[in-house]
């Protein structure tokens, strides 16, 4: 297999019996960067070439100049403007948080399989841990439902921020329960403690996003065919070539088949990953 760069993002065909993947990085101008909580940043960019095939839980491999590519979930998308939420954890995200307005980054994507709900009769529960809240505004904005409740957990209140201020379009479309582990705001405890306060039978779809250990505990607690999780794994190429994001005990790749899976599809992965 050969990798070539071309203006068409991902175009597959066969040449002399070999699959060729055409891919390019779309330059995107940085319009806004701001700190919204402890170590958490919001960035707004506009790609040079228009992108309109976007679904909730898609992500980009974001090229940070002079550093590397990092995977970031799409927090919101409208009229070719893309917003991301990220937590500073390493050199890539630290460099991105310090980037100068007007500078260009690179976007490779959107990647992954989208996940949304289009049913006005459905009740949805979202469980987010920490920066796992990142893809939820787009999910709320692009889904159709009867009711949507969000449980958002953090270690402390200084890791929280106002979603409605950042994304006014979703204001009024959901209800929010907050839990903090240090009891500084909302429910005292983890998202699991907050989850115990709701009637699970009232929901048709339940989606959890966050750290792997949290997802394992959520899947074990929900024990339901209606439960889904958005996984986090190492992602390098983003197009199903390198295999770095394989889901343990399966033939699935996060970048190709995910990131959202039913709990019963990835229970073994969650157990193996959490115990490794």
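Note: Cβ is positioned from N, Cα and C throughout, glycine not excepted.
Quick look at what TrEMBL annotates:
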- 92, 93: FAD binding site (BINDING)
- 237, 242, 245, 255: [2Fe-2S] cluster binding site (BINDING)
- 23-117: domain 'FAD-binding FR-type' (DOMAIN)
Fewest other C-beta atoms within 10 angstroms, as judged across 237, 242, 255, which are the binding-site residues: 242
Confidence summary (mean pLDDT) of the domain 'FAD-binding FR-type' (23-117): 94
